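These notes concern the structure reproduced below.
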């Protein structure tokens, strides 16, 4: 009898685990984000349906190039729940990425989304690195019309190795994918991570760490 109960409890645990392993199905047509709400939820509370307008599902601007006159030579124009309130709970977003000649979208991760990138103009050298312990690097040169996938949570990058501007369009599997740029997080945290820690982690002298942190 005890073994039967144990089996049933184990089966229930597996069932519950599977039930919460992915986002829940939609329970209504949409849940437009109410960005003024004081209710704390995972995402945004729903806007009063009576106050919803067509503008809650609209964004204009992806035809305009981003400003790439920065140190990295790239610009990301995001279209997520921050720009389109109607994306709330729908699990999808877009981004236009512009790259100046030799521009870089530096190594980063999206903690909440897989990314699929399409080249609209030009060519890019792209890649991602698998998790420990293999840390295997997958790279590819992409040309106009090519598509490449960056799995969720893995470090990835894009580099324009040519002398012409490049335009890409990225789709992401979250209305709020998030982004963590590795260099910014490690060397530009507020407050700084102790240089003793970073010197040991990267096996370099502290003065090198201090010099890098000064850039942020």
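We number each residue from 1, going along the chain as drawn.
From the backbone N, Cα and C atoms, a Cβ is placed for every residue, glycine too.
Over in TrEMBL, the protein carries these features:
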- 1-21: signal peptide (SIGNAL)
- 31-46: disulfide bond (DISULFID)
- 60-210: domain 'Cupin type-1' (DOMAIN)
- 105, 110, 115: oxalate binding site (BINDING)
- 108, 110, 115, 156: Mn(2+) binding site (BINDING)
Residue 156 (Mn(2+) binding site), number of other Cβ atoms within 10 Å = 21
Give me the non-local Cβ neighbours of residue 105 (oxalate binding site): same chain, 6+ apart in sequence, Cβ-Cβ under 8 Å, ordered along the sequence.
-> 72, 74, 76, 97, 99, 157, 158, 159
Please name which of the recorded positions listed here, 31, 46, 115, is nearest in space to residue 108 (Mn(2+) binding site), Cα against Cα.
-> 115
Same chain, |i - j| six or more, Cβ under 8 Å of residue 31 (disulfide bond); the result in sequence order is 44, 46, 47, 88, 89
Counting only residues 6+ apart in the same chain, whose Cβ is under 8 Å from the Cβ of residue 110 (oxalate binding site)?
-> 150, 152, 153, 172, 174, 177, 178, 179
Distance between residue 156 (Mn(2+) binding site) and residue 115 (oxalate binding site) at the Cα atoms, whole Å?
-> 10
